[in-house]
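Visitor: Found this in Swiss-Prot, in case it helps:
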| type | residues | note |
| --- | --- | --- |
| TRANSMEM | 28-45 | transmembrane segment |
| BINDING | HIS117 | chlorophyll a ChlzD1 binding site |
| TRANSMEM | 117-132 | transmembrane segment |
| BINDING | TYR125 | pheophytin a binding site |
| TRANSMEM | 141-155 | transmembrane segment |
| SITE | TYR160 | site 'Tyrosine radical intermediate' |
| BINDING | ASP169, GLU188, HIS331, GLU332, ASP341, ALA343 | [CaMn4O5] cluster binding site |
| SITE | HIS189 | site 'Stabilizes free radical intermediate' |
| TRANSMEM | 196-217 | transmembrane segment |
| BINDING | HIS197 | chlorophyll a PD1 binding site |
| BINDING | HIS214, SER263, PHE264 | quinone binding site |
| BINDING | HIS214, HIS271 | Fe cation binding site |
| TRANSMEM | 273-287 | transmembrane segment |
Amino acid sequence: MATAIRSGRIGGWERFCQWVTDTNNRIYVGWFGVLMIPCLLAATTCFIVAFIAAPAVDIDGIREPVAGSLIYGNNIISGAVVPSSNAIGLHFYPIWEAASLDEWLYNGGPYQLVVFHFLIGISAYMGRQWELSYRLGMRPWICVAYSAPLSAAFAVFLVYPFGQGSFSDGMPLGISGTFNFMLVFQAEHNILMHPFHMLGVAGVFGGSLFSAMHGSLVTSSLVRETTEAESQNYGYKFGQEEETYNIVAAHGYFGRLIFQYASFNNSRSLHFFLAAWPVVGIWFTSMGISTMAFNLNGFNFNQSVLDAQGRVLNTWADVLNRANLGMEVMHERNAHNFPLDLAATESTPVALQAPTIG
């Protein structure tokens, strides 16, 4: 009876606190979720509206607007939320900073609204992962793994614009805009020749390879619990204590396929490796983008091989450099008078006076 009376006196704030932190809810909210939900809702709503109906944005700050929305002629592939104008630079540009809504849209205000709310939302999502793990008594490595894609998002949406001096250099929010960002990044920073990007490629493709290898090995060494007429999936019951596959058989197969010590004999160390490999690789990629944001670029091996007479023997580094120069001169064509990359090459002799005729 005393318990019933005491629970009846719980105020609204206490009930809200209990609901927020209740791990028996179908979807755990958590205190980080209180921040995450409105931020991601705001970012998603603004993104959808801008992707469909936003007017053209003066991204380069030279009064040549670029249209990114569907009703301005784009499709799902070519459409994007265009980054805020180079005229805005790194200034914080909420709606109330503009003289009118039309000016805010023309200068790409929706991009900042989406990006800032998105970054806060996904950061809170990582905090929510830690919070739920803590309340369930689990180890905290889920949020550590999630920090890899989180760091990548911060690198392309925040750190890179900071380093370049304008949010107009941030990654557009669309498919073709992402590809354009990648091509321009290669042209300006030679990211393919940066060792941190190479480690990131090894992390992503290596992680895909290891995931496929692990899944196929487990699927091929399942303990048979069903007949030929039934699906093997029916041989597993959620929460069962016994192993569903024979790790000894998988270890023996893979050890003989390559060599003994290439195969894990400990399931825990195996799954740690499967998590750590791509996470560390993506961490390195994020660090690479963050350093190239401040123009600490990839290796330059241009014209590094010469013959005995001092003539250049072109390598693939020179081929890549030619491609970089082509991409550099083609992007933002009307914003550059003369690209510095071309001005930095060997000078071409020109006649300083007219030749004498006769």
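Cβ atoms are placed via backbone N, Cα and C, with glycine included.
These figures come from a predicted structure and were not determined experimentally.
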Visitor: Going by a 10 angstroms cut-off between Cβ atoms, which of the recorded positions HIS189, HIS197, HIS214, HIS271, HIS331 has the sparsest surroundings?
Guide: HIS271
Visitor: Enumerate the residues of the same chain, HIS214, SER263, PHE264 excluded, that satisfy the criterion Cβ within 8 A of the mean position of the Cβ atoms of the recorded quinone site; list them in sequence order.
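Guide: Filtered neighbour residues, in order: MET213, LEU217, ALA250, HIS251, PHE254, LEU270.
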Visitor: Do any residues of this chain, six or more beyond the ends of the transmembrane segment (28-45), have a C-beta under 8 angstroms from a C-beta of it, and if so which?
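Guide: Apart from its flanks, the transmembrane segment (28-45) reaches 19-22, 113-115, 117-118, 120-122, 124-128, 130-132.
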Visitor: Excluding near sequence neighbours, so keeping only residues 6 or more apart in the same chain, what lies with its CB under 8 A of HIS117 (chlorophyll a ChlzD1 binding site)?
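Guide: For HIS117 (chlorophyll a ChlzD1 binding site), the qualifying residues are CYS39, LEU40, ALA42, ALA43, CYS46.
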Visitor: Between HIS271 (Fe cation binding site) and HIS331 ([CaMn4O5] cluster binding site), what is the CA-CA distance rounded to a whole number of Å?
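Guide: Given the Cα positions, HIS271 (Fe cation binding site) is 44 Å from HIS331 ([CaMn4O5] cluster binding site).
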Visitor: Name the residue among the binding-site residues ASP169, GLU188, GLU332 whose Cβ has the smallest number of other Cβ atoms within 10 Å.
Guide: GLU332
Visitor: How big is the gap, in Å, between the Cα of ASP169 ([CaMn4O5] cluster binding site) and that of TYR160 (site 'Tyrosine radical intermediate'), rounded to a whole number?
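Guide: Computed Cα spacing between ASP169 ([CaMn4O5] cluster binding site) and TYR160 (site 'Tyrosine radical intermediate') is 7 Å.
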Visitor: Output, ordered by sequence, the same-chain residues six or more apart from the residue listed as 'pheophytin a binding site' with a CB under 8 Å from its CB, or 'none'.
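Guide: Same-chain residues close to the residue listed as 'pheophytin a binding site' (Cβ under 8 Å, separated by 6 or more) are PHE32, MET36, LEU40, TYR146.
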Visitor: Given the recorded positions TYR160, PHE264, which one's Cβ is surrounded by the fewest other Cβ atoms within 10 Å?
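Guide: Among the recorded positions TYR160, PHE264, the sparsest Cβ neighbourhood within 10 Å belongs to PHE264.
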Visitor: Take the Cβ of SER263 (quinone binding site) and count every other Cβ within 10 Å, whichever protein chain it belongs to.
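Guide: The answer is 18.
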Visitor: PHE264 (quinone binding site): which of the recorded positions TYR160, GLU188, HIS189, HIS197, GLU332 is the nearest Cα neighbour?
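Guide: Answer for the nearest of the recorded positions: HIS197.
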